[in-house]
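Quick notes on the structure that follows.
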Amino acid sequence: MEPRLLMLGFLSLTIVPSCRAELCLYDPPEVPNATFKALSYKNGTILNCECKRGFRRLKELVYMRCLGNSWSSNCQCTSNSHDKSRKQVTAQLEHQKEQQTTTDMQKPTQSMHQENLTGHCREPPPWKHEDSKRIYHFVEGQSVHYECIPGYKALQRGPAISICKMKCGKTGWTQPQLTCVDEREHHRFLASEESQGSRNSSPESETSCPITTTDFPQPTETTAMTETFVLTMEYKVAVASCLFLLISILLLSGLTWQHRWRKSRRTI
């Protein structure tokens, strides 16, 4: 019995740290009149299982994680109400709104094609009674692509991409080189943008770590608290599990040794 317990404790201590991925502390930067989307998701990416109003997620399915080329689990939402008829009517109305919202969100990103790379996951399929907004926790190396919303055109001198990178010991997103302006005033902004581009053509230096960083936007308190909570809770549970296993192993070893010692004394 002891060798099996020792092996279980050893596996727990070695597997838990190996699953760790460096999460991006903040959300990707927002660009006015533009939306961003990931073409694929790197290993370790976490998606919260959020449910719309009137529904709640199952306790054992708090989030789903990208592992290999697929997501670790499927989110599920259950109703808070026991009224069957009211639940059906509400679900139908919410489903119609959800379909419209999903269609509107997909319009500006129709020209984007999802990558099919090893170690990446595609966009997770929607689950029943899902919230209209998805909350992702990206990992280092993740890139997101930006596009202007309908009615706006892009003014850019560089790629409309933001990448989560490690800089000076902290993770942060690069600033996308994209400005979205009204289609009716696009020609005016284009002329002024060309004149400014000739004056401000010096590339940014990425070799040194300045004291005050301007590349990465400051997060809101709510975003920081949410992402820190997911990260700390996950590792607190892992550490507590390892400690529990170690204590159990020590107790079982002590009891076994005591039993053998008493048995040996009786034989003497």
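Cβ coordinates are placed from backbone N, Cα and C, and glycine is handled just like the others.
Disulfide pairing as given by Swiss-Prot: among CYS75, CYS77, CYS180, CYS209, CYS148 connects to CYS180.
A sphere of 10 angstroms centred on the C-beta of CYS77 (disulfide bond) encloses 20 other C-beta atoms. Among the disulfide-bonded residues CYS24, CYS51, CYS77, CYS148, CYS180, the ones whose Cα sits within 10 Å of the Cα of CYS164 (disulfide bond) are CYS24. Nearest in space to CYS49 (disulfide bond), taking C-alpha to C-alpha distance over the disulfide-bonded residues CYS66, CYS77, CYS121, CYS148, is CYS77. Taking CA atoms as the reference points, CYS121 (disulfide bond) and CYS66 (disulfide bond) are 6 Å apart.
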